[in-house]
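Notes follow the structure.
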Amino acid sequence: MLRLVSWNINGIRSPLQGVRCEEPSSCSAMAMGRILDKLDADIVCLQETKVTRDVLTEPLAIIEGYNSYFSFSRNRSGYSGVATFCKDSATPVAAEEGLSGLLSTQNGDVGCYGNMDDFTQEELRALDSEGRALLTQHKICTWEGKEKTLTLINVYCPHADPGKPERLTFKMRFYRLLQIRAEALLAAGSHVIILGDLNTAHRPIDHWDAVNMECFEEDPGRKWMDGLLSNLGCESGSHMGPFIDSYRCFQPKQKGAFTCWSTVSGARHLNYGSRLDYVLGDRTLVIDTFQSSFLLPEVMGSDHCPVGAVLSVSSVPAKQCPPLCTCFLPEFAGTQLKILRFLVHFKQDPVFKQSALQPSNQTQVHMRQNKARVRSTRSRPSKTGSSRGKNLMSYFQPSSSGPQTSNLDLPSLGTLITPKTSEEDVMANVVEGQTKASEAKDEKEIRTSFWKSLLGGPSPMPLCGGHREPCVMRTVKKPGPNLGRHFYMCARPQGPPTDPSSRCNFFLWSRPS
């Protein structure tokens, strides 16, 4: 059996923050290994890793028992990125970054690019510059004993921001390039699986609020998926796309099967999300070898949950990892030049070393003369002023050579004793001290009350209309006239309108302070 898992991890270092370790250098390796063990898959595909090569550490990339492959964003740091971890028993025969082939190294690449004449070189370079695709090619053996080729395309498709129409164009062009590459691999005789975050909920059953969305079926991304996929189920239908949505093949009518939820609104608590993550396989592969397709909503650590599939095939590992493997990166393979390589050990000539250690006869003469001059110029202390031989008591006696001082008239012991005060004076001092303390306390209270009246602190939260519970304050982040304004809304998690335990529609603008 071959088990595949895909997960939009929303930052490969985010699930590691809660892991405590005595040795920070091995903490990342332990945590990443623990995540891979928990997913329990032969091949794990991660999206939105949010790491670039300059911040990728060896404990995060090199995990015992696995070989890993990364694709990084070349434009922005902490953005996008995908990674594939393969068990040593599922080592790929080839690996490649990107869909266009412009990032290929001609050594250990997957190949089969198809007709890309509709794209310019600049457009292809831009589509592959965000680190959104990673291909690994594997040899598999069917239950009949036949060896075949399987290519996995790990993708993190772009999100179409409504406020940025150019991103919708970018997304659709990425979809088109993905389909061209996948169909070219199929035409070359390889089985193909597309898995990852496609950033589109295909059917109304895959979205919590599809009924209230205008023109849901007319979305360009959904139309593209209509053409890519065959009709739901494994049976032949009117439309015969090259790929099948494996989850809907096994669970065609399962409602609430979501993989992504809003973390701001707490929608995961009431399962108020959408299904954006898929495992798509070519028709022959899904019908002949797929045993199951599943979701793992119980796995936390991201705003997405893992998805996966099980195939009734066995992997035939390659004898050596492809060149794209992170173990061959210079910084991890020990071939990167370090500063110590530039520091050469200097070997001295024995003759020169001996001459340097033993100065010549002329040099020794000059050194003796200089020492003699130093001794002659030193001032020698006089015998009269010498302090040698004095004991400790001599320092407490007046010096005979110093000037004589007259005897001081010291006050008698009786004058140093203070006279006794009467009880009336003592009581007066006590009362006066208490009065001053009370006055200082009153003055402190007056100051405290003044600052409390001046800095009254935040006003209490208003109560929502649906549940009469304290609201939460939010800030408008959408560009427009209300950008930066604060408002109050129900603090409960987002959910279906018919669920009384979900968020109500209470809304109130916050008054400016």
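Glycine is no exception: its Cβ is also placed from the backbone N, Cα and C atoms.
The site 'Transition state stabilizer' annotation in TrEMBL covers Asn199. Annotated site 'Important for catalytic activity' per TrEMBL: Asp277, in sequence order. The feature site 'Interaction with DNA substrate' is assigned by TrEMBL to His304. The active site, proton acceptor annotation in TrEMBL covers His304. Sequence annotations record features per position, and here TrEMBL assigns region 'Disordered' to 359-413. Here TrEMBL flags 368-381 as compositional bias 'Basic residues'. According to TrEMBL, the compositional bias 'Polar residues' annotation covers 382-409. Sequence annotations record features per position, and here TrEMBL assigns domain 'GRF-type' to 464-513.
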Q: Mind tallying the domain 'GRF-type' (464-513) by DSSP state, helix then strand then coil?
A: 0 helix, 12 strand, 38 coil
Q: Tell me, roughly as an integer, the mean pLDDT over the domain 'GRF-type' (464-513).
A: 87
Q: Take the Cβ of His304 (site 'Interaction with DNA substrate') and count every other Cβ within 10 Å, whichever protein chain it belongs to.
A: 23
Q) Tell me which residues of the chain lie with their Cβ under 8 angstroms from that of Asp277 (site 'Important for catalytic activity'), as long as they are six or more apart in sequence? A) Ser6, Trp7, Asn8, Gly196, Asp197, Leu198, Thr259, Cys260, His304, Cys305, Pro306, Val307
Q. Counting across all protein chains shown, how many other Cβ atoms sit within 10 Å of the Cβ of Asn199 (site 'Transition state stabilizer')?
A. 21
